[in-house]
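Sequence annotations record features per position, and here TrEMBL assigns divalent metal cation binding site to H109, H113, Y130, D294. Annotated substrate binding site per TrEMBL: Y130, V131, S132, G133, G134, D162, G177, E181, N266, in sequence order. The annotation domain 'Gcp-like' is assigned in TrEMBL to 29-300.
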Amino acid sequence: MPAVLGFEGSANKIGVGVVRDGTVLANPRRTYVTPPGTGFLPGDTARHHRAVILDLLEEALTEAGLTSQDIDCIAYTKGPGMGAPLASVAVVARTVAQLWNKPLLGVNHCIGHIEMGRLITGATSPTVLYVSGGNTQVIAYSEHRYRIFGETIDIAVGNCLDRFARVLKISNDPSPGYNIEQMAKRGKKLVELPYTVKGMDVSFSGILSFIEDAAQRMLATGECTSEDLCFSLQETVFAMLVEITERAMAHCGSQEALIVGGVGCNMRLQEMMETMCQERGARLFATDERFCIDNGAMIAQAGWEMFQAGHRTPLSDSGITQRYRTDEVEVTWRD
């Protein structure tokens, strides 16, 4: 019964998780939160991660009731993500692996989300909508690869939401997306925003540019409220995501849809996806904030699958990469 320890720190979340044979034994996490109107810079985020990662490691082992001797493998996020945070966490993972004399595994962050979603929900072969601050992809598994059927051609949907929040000075605590979701519930007017779907791909930069240019004028003239803008933004970008997911499901003949990534926590997105799935006679699978937001257990779970399939990452290849596409990884642990 292998137990895998996973380190995740590709953006402003830092997590350490422990997974043993499909059971999450521990999954503590911390978030680097910046003031309203600001984002998080790589250097500052890396300093935050370095300050808390050893405490998280101790917390994870204590929560799991394990010692270093009980751990069979160390997994870490190799990429994609922000360079400085990734590098800080990779250094710790390499050090721990050598101190404890354990094998090391570099994990693709996107695949970590997918494998955690499959584990928690029990979805067998879903079409995956992966939506986060750094990635927006529609994915389906075929012939030992997670194939990308559609994606953003510019910024990720989560990045669009985060930067929209900066325009309106919405709080980053606990996250901009969560606060936008709550404000959207009070919105009553749908403001027409650019809707850009190009085949299987989407674009969010035009929506963001429109809002950056027009938001303050619209608010000052009383044309709409901040809540109306939050509501309108969600309705528009989520409709785009549902459209390309449905198209991918039709192409694959899929009867399952799985939402993963931090934006996947949004209940309005889940509601819109559920409506689409019901109309197709399909099932929707989604997780809550414990597992859809970046966390160490998802890296541990993907690492567990890779470890069981015989994968190992030599120290000479244990660096990080900010650009690491989902379809670059050979998925040898699935039929």
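Including glycine, each Cβ sits where the backbone N, Cα and C put it.
As a whole number, the greatest separation of Cα atoms within the substrate-binding residue list Y130, V131, S132, G133, G134, D162, G177, E181, N266 is 19 Å. Here G177 (substrate binding site) comes close to G158, L161, D162, A165, G262, V263, C265, N266: these same-chain residues lie at least six apart in sequence, with C-beta atoms under 8 angstroms from its C-beta. If you take the Cα of S132 (substrate binding site) and the Cα of H109 (divalent metal cation binding site), they are about 11 angstrom apart, rounded to a whole number. Cβ neighbours of D294 (divalent metal cation binding site) (same chain, under 8 Å, six or more residues apart in sequence): E8, S10, A11, K13, G15, R29, H109, S132, G262. Shown are the binding-site residues H109, H113; of these, the residue with the fewest other Cβ atoms within 10 Å is H109.
Counted within 10 Å of its Cβ, the other Cβ atoms near Y130 (divalent metal cation binding site) come to 26, all protein chains included. Of the recorded residues, G134 (substrate binding site) and H113 (divalent metal cation binding site) place their C-alpha atoms 13 Å from one another. Here the Cβ of S132 (substrate binding site) has 25 other Cβ atoms within 10 Å, regardless of which shown protein chain they belong to.
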